[in-house]
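Participant: I have a structure I would like to understand better, so I am pasting it below and will then ask my questions one at a time.
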Amino acid sequence: MKVVLASPRGFCAGVNRAINIVEKTIQVYGTPIYVRHELVHNDYVVTQLSKKGVIFIERLNEVPNGSVLIFSAHGVSKKIQEQSKIKNLIIIDATCPLVTKVHKEVSRANRNDMEVILIGHSGHPEVEGTMGQYISVNSRQKIYLVESQADAWSVQVNQPNHLFFVTQTTLSIDDTAEIIAILNKRFPNIMGPRKNDICYATFNRQNALKNLAPMVEMIFVVGSITSSNSVRLMELGRRIGKITYLISHANDIQKNWLRGVNNIGITAGASAPDILVLQVIEKLRVLSTDHVVVEEMIGEEENIFFDTPKI
C-alpha cells in the first residue's frame, strides 16, 4: 500500500500562534487560566491543554472576576470584549491576525455607513465574532449572513449601492467564488476586501488536496468535525469523486475501508497537529496486509509566522 501525504497540511500560523500564547500565559500566570470556546477546533489540542490546567468555557459567568481569560483563535464580538472588561479580567487575545483583518474590514464599513454581507456558516464562533463587530445605529444599517448560493440570490438589503462583503476565513474556495459572483451580479456596486478573506492556509490545503486526488483512490482528512476547514476538505474530496473520510484520530479507521485500496492520501486541517497524521500512518501499517510505503507530495512551501503579543 502506498500512502501519499498532502503538502501543505496541518497547523497554520494562526493555530501555532494561539497555542504559543496559551503556553506563554501558563508560564507567566500559572493555572488555572480560562479560554473562551475551544482555542482551536481540535479535540487532541484541547485535551492536551486541559491537562495543563486550561479551562475552556462558553459563557463569561463561568470565569471568576479577576481571572486570566484568553479569546480563542476564532475571535469574539465587541459585546464579549466589553463584558470581559466589566468583570475586571486579564484579557489576552489569541484571535488569528487574519480573522482580525476581517473584523477591521467590517468595522471600517460600519463607520462608513455601509451595510455588510458576511459569507459564512451560521453558528461558527468566527462568524459570531465577525457579525458582532457591526453596530447598527439605525434600521437601515445591517449586517447579513449569507451561507449559500440560494441565500445570495434571496438576501434583501436596505442599501444595495452602499454595500460591502467579507467572508469567513475557512470556507470552500470554489463555493465562495460562486457566491461572490452572484452578489456581484445582483449588486453591481458591492465592494469587497482588496485581498481575499479566505486565509492562505485554507487556500493552500484545498489546492493540495486537488493535486493529491489524482494520485490516490481514497483520502483521509485528519481533523475534528467542528473544524470548518477540515470539513471543507472532506467535502472537496467527495466533490472531486474520491472516497473521503474525516477522522479525528487513528482509531476511527475501519479495516473494511481498506479492502482493495492500494493508494491512500492523507491531509490534515489547519488545527490538526502532525502527531495525529503519524498515528494514522501507524494505524494503516497495523491494519494493512501489505507493506506500507509513505511518500510526501511536493506542495506550496509555507513560511508565514505571526508574532505573539507580550504576555
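Cβ coordinates come from backbone N, Cα and C, glycine included.
In case it helps, Swiss-Prot gives these features for our protein:
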BINDING   Cys12, Cys96, Cys199  [4Fe-4S] cluster binding site
BINDING   His41, His74, His124, Thr169, Ser227, Ser228, Asn229, Ser271  (2E)-4-hydroxy-3-methylbut-2-enyl diphosphate binding site
BINDING   His41, His74, His124, Ser227, Ser228, Asn229, Ser271  dimethylallyl diphosphate binding site
BINDING   His41, His74, His124, Ser227, Ser228, Asn229, Ser271  isopentenyl diphosphate binding site
ACT_SITE  Glu126  active site, proton donor
Participant: What does DSSP assign Cys199 ([4Fe-4S] cluster binding site), in three states?
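Facilitator: For Cys199 ([4Fe-4S] cluster binding site) - judged by DSSP and reduced to three states - the answer is coil.
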Participant: If you measure from the CA of Cys96 ([4Fe-4S] cluster binding site) out to 10 Å, which binding-site residues from the list His74, His124, Asn229 are inside that radius?
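Facilitator: Checking Cα-Cα distances against Cys96 ([4Fe-4S] cluster binding site), the binding-site residues within 10 Å turn out to be His74.
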Participant: In whole Å, how far is Cys12 ([4Fe-4S] cluster binding site) from Ser271 ((2E)-4-hydroxy-3-methylbut-2-enyl diphosphate binding site) when you measure between their Cα atoms?
Facilitator: 7
Participant: Residues with Cβ closer than 8 Å to the Cβ of His74 ((2E)-4-hydroxy-3-methylbut-2-enyl diphosphate binding site), same chain and 6+ apart in sequence?
Facilitator: His37, Thr95, Cys96, Val99, His124, Pro125, Glu126, Gly129
Participant: At a 10 A cut-off on CB-CB distances, which of the binding-site residues Thr169, Ser227, Ser228, Ser271 has the highest count?
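Facilitator: Ranked by Cβ atoms within 10 Å, first place goes to Ser271.
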Participant: Going by DSSP, is the residue listed as 'active site, proton donor' sitting in a helix, a strand, or coil?
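Facilitator: DSSP assigns the residue listed as 'active site, proton donor' to helix.
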Participant: Considering Cα atoms only, can you say which of His41, Ser227, Asn229 is the nearest neighbour of Cys199 ([4Fe-4S] cluster binding site) among these binding-site residues?
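Facilitator: For Cys199 ([4Fe-4S] cluster binding site), the closest Cα among His41, Ser227, Asn229 is found at Asn229.
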Participant: Rounded to a whole number, how many Å is the Cα of Ser228 ((2E)-4-hydroxy-3-methylbut-2-enyl diphosphate binding site) away from the Cα of Cys12 ([4Fe-4S] cluster binding site)?
Facilitator: 14
Participant: Could you list the residues of the same chain, at least six apart in sequence, whose Cβ is under 8 A from the Cβ of Cys12 ([4Fe-4S] cluster binding site)?
Facilitator: Cys199, Tyr200, Ala201, Ala270, Ser271, Glu302, Ile304
Participant: Cβ within 8 Å of the (2E)-4-hydroxy-3-methylbut-2-enyl diphosphate site centroid (His41, His74, His124, Thr169, Ser227, Ser228, Asn229, Ser271 excluded): which residues?
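Facilitator: Going along the sequence, the neighbours appear as Val40, Glu126, Thr170, Thr226, Ser230, Gly269, Ala270.
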Participant: Using the recorded [4Fe-4S] cluster site (Cys12, Cys96, Cys199) as reference, state which further residues of the same chain have their Cβ within 8 Å of the centre of those residues' Cβ atoms, listed in sequence order.
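Facilitator: In sequence order, the nearby non-listed residues are Ala13, Gly14, Val15, Ala73, Pro97, Leu98, Val99, Thr169, Thr170, Tyr200, Ala201, Thr202, Ala270.
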Participant: Same chain only, sequence gap of 6 or more: which residues have a CB within under 8 Å of the CB of Asn229 ((2E)-4-hydroxy-3-methylbut-2-enyl diphosphate binding site)?
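Facilitator: Within the chain, Asn229 ((2E)-4-hydroxy-3-methylbut-2-enyl diphosphate binding site) has Cβ neighbours under 8 Å at Thr170, Ala201, Thr202, Arg205, Gly223, Gly269, Ala270, Ser271.
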Participant: Hey, does DSSP put His41 ((2E)-4-hydroxy-3-methylbut-2-enyl diphosphate binding site) in a helix, a strand, or just coil?
Facilitator: coil
